[in-house]
Amino acid sequence: MSRKRTRDTTTLDMFAEAVAHQPLTPALTLDVLRDWADAGMLRRLDVALAAWVLEQDAQATPCTLVAAAVLAQMEGRGHSCLPLAQLVNAPNAVLGWEAQEQPALQALWAQLPVHCHDWLGALQASPLVRVVGRHADHGQPLVLAASDSAQPLLYLRRYWDHERTVASHILQRSQARPVALDATAARKWLDAFFPPSGAEDCNWQKVACALALRGHFSVITGGPGTGKTYTAARLLALLFATAPNAAQLRVALAAPTGKAAARLKQSIESALHGLQASVGDALDLPGLVQRVGAARTLHALLGARPDTRHWGYHAGRPLDVDVLIVDEASMVHLEMMSALLEALPPTARLILLGDKDQLASVEAGAVLGDLCRDAAAGRYGADTVDFVERVAGERIPPNFHAPAAAPALAQHTAMLRASRRFAGPIAALATAVNAGDAAASVQVLQAEMAAQGDAARIAMREDGRLPFVHALAWLGRGDAPGYSAYAQALQRWAQVQPRSDLAAAHPLWVREVLQAFDRFRLLCAVREGAWGVAGLNQAVVATLRAQGVIAAEGEWYAGRPVMVQRNDAALGVFNGDIGMALPSAAPGHGLRVYFLQGEELRSVSVARLAHVETAFAMTVHKSQGSEFEHTALVLSAQAGGVLGRELVYTGITRARQHFTLMAERPGLLAAAIASPTRRSSGLLRFLEGEFNS
Ligand SMILES: Nc1ncnc2c1ncn2[C@@H]1O[C@H](COP(=O)(O)OP(=O)(O)OP(=O)(O)O)[C@@H](O)[C@H]1O
């Protein structure tokens, strides 16, 4: 069979033709998979797994090899396992290939067994596959979890282990005996922290605190501005107020990125200061603020060892904490969650905060989404309803009660439903997108543009004209800023540099430039292409050069915003941190990269920062945990399967005051809204006790 490195219809037709006229042997199967990798339909890594399976098991059948390659492909797309029956019956529902690739897929499928049980039989016969409940664990590289009642799932061993670890810890934590609680004291403090407002039927923030007081595990989810951090700060104060040994309470704050961690610490501390008025001298809140450790990335908290999968803290050397609050938990991938739960002592309380509807991590797993499957419905059991009424004085409305058996996890989960910060057209658009209603989303956009013209808070262009994207990036629109505000701040260096009080003026100027830059951001669905991160970064740099704002050449220039790509604990910079190269105050000391972390300004010499990327444009994935006054979401027609509902929702909810959508062609927004991302995972089945070995 010929090998071509481009994906064109002729080549793919030739694959289909060749497969149709030869008996399908394992060797031919590998050839087909390699051809697919050459055509860019699979990764070489995916085929390498299939080839390795055949090397190790000479009896491996074609369907075993295909399942192995697709499993590896799924892992690359963020799934923790492969739903086997779906692959057998509707391969393209799993693979999502384009129309021109269908004949090649169909030709191979015509030669493979039609029934899932034949695939299962082939996998079960392989010594490389451990069938859960049937085979002992000998370290087999693949794990098959099959049951009569539900879809069989095929795992790479590593992800099976991680899901099992996460599920067993969460089950233990959510089924553990409730913590002994002085209900009268708890009620007193809950009433003090959440005075009646009459705004909602049920104060879900108060409910969330009550639920979290009862156990060692709790999930607080909600959209932007629903008060997750506000609630978590009150919860901390409650734990402090009701702890027998409050003066020794060890509190840690963490998030997947440095920026989100710093933001969490800042918000918790300001919320605690704000509480002082309602507690007077009765509670030593400054003492509690002191007990809150530095906000850290999860990598730093767990003592990640660079370039290894090992962690400094684990079951044998647990973290030294009593309460751990993790923000932006939707970005915590399966492996990280597994490491975190292993390292957390059983007596410590874990509080996960996050928006379940946001994009999941790039890496495999969608743990928060899985854990929050029941969050909207509530599903609270009678015990929980009684407890909340007794301790918080809140009546959970009957439509949130469990109709029958109440799932253990749901009793530890609270969803905050009212946004305090996020209102108006941006919130209406986010709600319509989240509901999967493309027509309503477009209507919200059009109504705002028609009514407000240039002053519209949300706007959209779908005509695919790149010059408009470039103009937006420079000038913004109406009151919505672009990068010209940052350019002006940057150019003030000419006035700042000669000042006699430069040592004092320099940090103020650096803050001003960083804050001006943070007013606007271009967010992209993809990295490559003119409508991706690479093309838009180049375009903004070209505009800045043409305007004489930055140096005409060179990788490093004053005003270059960079995003850190790798954690470097020694330098104190972490994946996702954004800083800016600017002249240092000391003459002749060249450029340093300045980072604003909370209120603290830090700098690192450019020479020491090896793994960074220019950050005028960034992916939506990397923008999680950040917000900008004006956010522009740029949708490339090349984004394919990446364009999904969660990506659009996450992009919109990064906007504080203005949101602009720019699409390469009409219909991209509607298509994205119609494509919710479903990550395959067996976590809920683990939690329901279906897999127990
Ligand atoms: N019950 C409340 N009463 C008054 N103000 C509130 C209440 N809940 C939240 N807020 C305010 O609303 C704003 C948003 O709250 P907060 O930052 O806690 O939300 P969040 O869900 O953590 O937001 P994000 O999406 O940024 O993570 C804050 O200014 C907070 O002080």
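Just so it is clear, glycine is given a Cβ too, placed from its N, Cα and C backbone atoms.
Note that TrEMBL annotation is computational and uncurated.
Listed in TrEMBL for this protein:
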- 214-381: domain 'AAA+ ATPase' (DOMAIN)
- GLY222, GLY223, PRO224, GLY225, THR226, GLY227, LYS228, THR229: ATP binding site (BINDING)
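Taking the features listed in TrEMBL, we show where each one sits on the structure.
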residue: GLY222; record: ATP binding site; Cβ neighbours (10 Å): 24
residue: GLY223; record: ATP binding site; Cβ neighbours (10 Å): 22
residue: PRO224; record: ATP binding site; Cβ neighbours (10 Å): 22
residue: GLY225; record: ATP binding site; Cβ neighbours (10 Å): 19
residue: THR226; record: ATP binding site; Cβ neighbours (10 Å): 22
residue: GLY227; record: ATP binding site; Cβ neighbours (10 Å): 20
residue: LYS228; record: ATP binding site; Cβ neighbours (10 Å): 28
residue: THR229; record: ATP binding site; Cβ neighbours (10 Å): 21
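Mean pLDDT across the domain 'AAA+ ATPase' (214-381) comes to 88 in this model.
Checking the binding-site residues GLY223, GLY225, LYS228, THR229 against ligand 1, the ones with a C-beta less than 6 Å from an atom of that molecule are GLY225, LYS228, THR229. Those same-chain residues not listed among GLY222, GLY223, PRO224, GLY225, THR226, GLY227, LYS228, THR229 yet with C-beta within 8 angstroms of the centroid of the ATP site C-beta atoms are TYR230, ASP355, LEU416, SER419, ARG420, ARG421, PHE422. The secondary structure of GLY222 (ATP binding site), as reduced to three states from DSSP, is extended strand.
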